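Novice: I have a structure I would like to understand better, so I am pasting it below and will then ask my questions one at a time.
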Amino acid sequence: PDSSLLHRRKRTRCFSLSSMKHPWALNATAKFVATPEGTALAYGSLVFMALLPIFFGALRSVTCSKSKNAADMPETITSRDAARFPIIASCTLFGLYLFFKVFSQEYINLLLSVYFFVLGVLALSHTMSPLMSRIFPASFPNKQYQLLFTQGSGESKEEIVNYEFDTKNLVCLLISSVVGVWYLLKKHWIANNLFGLAFALNGVELLHLNNVSTGCILLGGLFVYDVFWVFGTNVMVTVAKSFEAPIKLVFPQDLLERGLEASNFAMLGLGDIVIPGIFIALLLRFDVSLKKNSRTYFYSSFLAYIFGLGLTIFVMHTFKHAQPALLYLVPACVGFPVVVALFKGELTEMFSYESSEEVLPGSPRLTSFPTVSGSPASLASSMDAVSMATGSSPRRRRLQPTSM
């Protein structure tokens, strides 16, 4: 009996020592609790990443509106488009929610991964193109290419795809494809963010509101849309967590503990970047139209966005509940510039400004909407990217026969 008791005591002592050497083994299934430093780093990084596509996309939207290249023409959103946008976005969001409830999430995300791989490569390539033009030396042999697909013959011939590119574009496409394969195979958060930033920048650059009133209609409608689907139901949060696609920016809260293999993410939807971003870009074009060498409305709305996003994060962190970011961003981004305009006596000028007057007459109008609420669908500069993102056929132009 004594030897048996001694044996049991030895086993107990061994177990205790083992537990002391590996204390994490007793809490392996416990939920990860982010440290204050990790949380601050994650939220700060999300804010910084959100500002990049808004700032540079707005600057590029000014150049885009003056471009004579048909491939770089923006998509113009009218007041009618803005009024329909929340309704179509709601139908699309709820449709995705039902898809995830009925069908296997694994297969849906596999199809979406391939789809967004193609769009992401095109978007990232288009984003990198101006940078590559500056990097390559003037002596670089830059050959021109054209990819043309037509349908029919003679007078009924229609142009389906007309994509002009050069050697520099091919280099951009190759680099983007490497990132795309990385994302497709690993779903790494850095690859996700590279695609997400490219989508957001292209959206801010190529989606143009025609006036401030249209912007107020769009932001007001999506304000109600965002509040309803986040506070009224679990649809928005469910789709955001189930949808494995680069439609959101993510940053790990456990980066300091686990490095690049971290997995506990804070996220920000691209719609919370692009929707206010296209309004801020409109105000920058308004600043340019005033010809006063001032960017008052752009900077006021840009600072308002920082304030609104910071307030969103503060409320979310305080109440430990997902927040509709547009609830805070819309009043800030609209209210700040309006107050500035009232103070400067330029409110009438602001609301009478028409951005479409500075765009060439052939500029296309937005006739379709993104497949995911709030995410930018304007991606490839020459393939009518908004139509691509909704799965509709590209815009066609009738080819005029040339006289011999």
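Using the three backbone atoms N, Cα and C, a Cβ is placed for every residue, glycine included.
Pasting the relevant annotations from TrEMBL:
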TRANSMEM  40-62  transmembrane segment
TRANSMEM  82-100  transmembrane segment
TRANSMEM  106-124  transmembrane segment
TRANSMEM  191-209  transmembrane segment
TRANSMEM  216-240  transmembrane segment
TRANSMEM  265-284  transmembrane segment
TRANSMEM  296-319  transmembrane segment
TRANSMEM  325-343  transmembrane segment
Novice: Under 8 angstroms, Cβ to Cβ: which one of 40-62, 106-124, 191-209, 296-319, 325-343 has the largest number of such pairs with the transmembrane segment (265-284)?
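Specialist: When the Cβ pairs under 8 Å are tallied, 40-62 comes out ahead.
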Novice: Is it true that the transmembrane segment (191-209) and the transmembrane segment (296-319) have 3 or more Cβ pairs under 8 Å, skipping pairs fewer than 6 apart in sequence?
Specialist: no
Novice: In the same chain, who gets a Cβ under 8 Å from the transmembrane segment (216-240) while lying at least 6 residues past its ends?
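Specialist: Residues 77, 79, 82-83, 85-86, 89-90, 93-94, 96-97, 100, 209, 248, 267, 269, 271, 275-276, 279, 322-327, 330, 333-334, 372-374 contact the transmembrane segment (216-240) from elsewhere in the chain.
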Novice: Counting only pairs at least 6 apart in sequence, do the transmembrane segment (296-319) and the transmembrane segment (106-124) share 3+ Cβ pairs under 8 Å?
Specialist: no
